[in-house]
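Q: Submitted below is the structure of interest, expressed as structure tokens.
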């Protein structure tokens, strides 16, 4: 393991060890590259997958998911506030602080996938700059949806990172990432995005491919709530209240219904950790994950050794 990656891997392994639960890039930014890649490069028309609770052909899911996020792009923060009762902001801060970007003497290259609005990327750069004095670490924001990327690009103009060379927005499919070379990334992050992908094992395979040896994969995603009475209360809120809020916030109840259903269909933390391990990663700590807010969300971390 390189001298750069070893401290990061050790930090994450030590930082997550024993934690079961808690109360809870380089082109100029002015040119947002829309380099599109699609899973439709291969014929999947004979295979079915889930879109929320519905079964749909695999080659249709990508289009359906794109429509959802195009619909909610301008209200994305409000959507996350509704789905997490506002706690997603704290979760994201925890997520980034666990990674501690910029903690190396060598600038890092970080890939944030499904991060079109820039929310995680800006937090990463703020942490690297303000906590670690690192003004050279860069983030590539990759998202399949140009509407989400447009939101991120617009927001970047209000940050110190606009036109700085430290952040880049590109349109990429998480299952392909053909613009990202092998063994080129120090950290790979994905927040509230992987459950919307058609083939999660392919996403994990690509994450493993692009990471350097010693590189870190970290995923923040909704998970399974516990104990059972709280889980049922949260489920009732999700299925009865959230679609109504979707109508009020974005004039779109159907997109919110899908997002709730996608959470319900996503594997529990232990199962997802096994998927990460099966992709070749070494799980950080005892379990490879940390649950937040009684399991509403979880942080999963793996290391490419």
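Indices start at 1 and increase along the chain as displayed.
Each residue, glycine too, has its Cβ placed from N, Cα and C.
Quantities reported herein were computed from a predicted structural model and do not represent experimental measurements.
Pulled these from Swiss-Prot:
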- 117, 143, 173, 174: S-adenosyl-L-methionine binding site (BINDING)
- 1-34: transit peptide (TRANSIT)
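Looking at the shown structure, can you explain where the listed features end up?
A: Residue 143 (S-adenosyl-L-methionine binding site) carries a strand DSSP state (E or B).
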Q: On a simple 10 Å Cβ count over all chains shown, which one of the binding-site residues 117, 173 is most densely packed?
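A: Output for this query is 117.
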Q: Does residue 174 (S-adenosyl-L-methionine binding site) have same-chain partners at least 6 apart in sequence with Cβ under 8 Å from its own Cβ, and which are they?
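A: 113, 114, 142, 144, 190, 193, 194, 197, 203, 206 - these are the non-local Cβ neighbours of residue 174 (S-adenosyl-L-methionine binding site), listed in sequence order.
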Q: For residue 143 (S-adenosyl-L-methionine binding site), just count the other CB atoms lying within 10 A of its CB, please.
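A: Other Cβ atoms found within 10 Å: 27.
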Q: May I ask you to report the DSSP-based helix, strand or coil state of residue 173 (S-adenosyl-L-methionine binding site)?
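A: For residue 173 (S-adenosyl-L-methionine binding site) - judged by DSSP and reduced to three states - the answer is coil.
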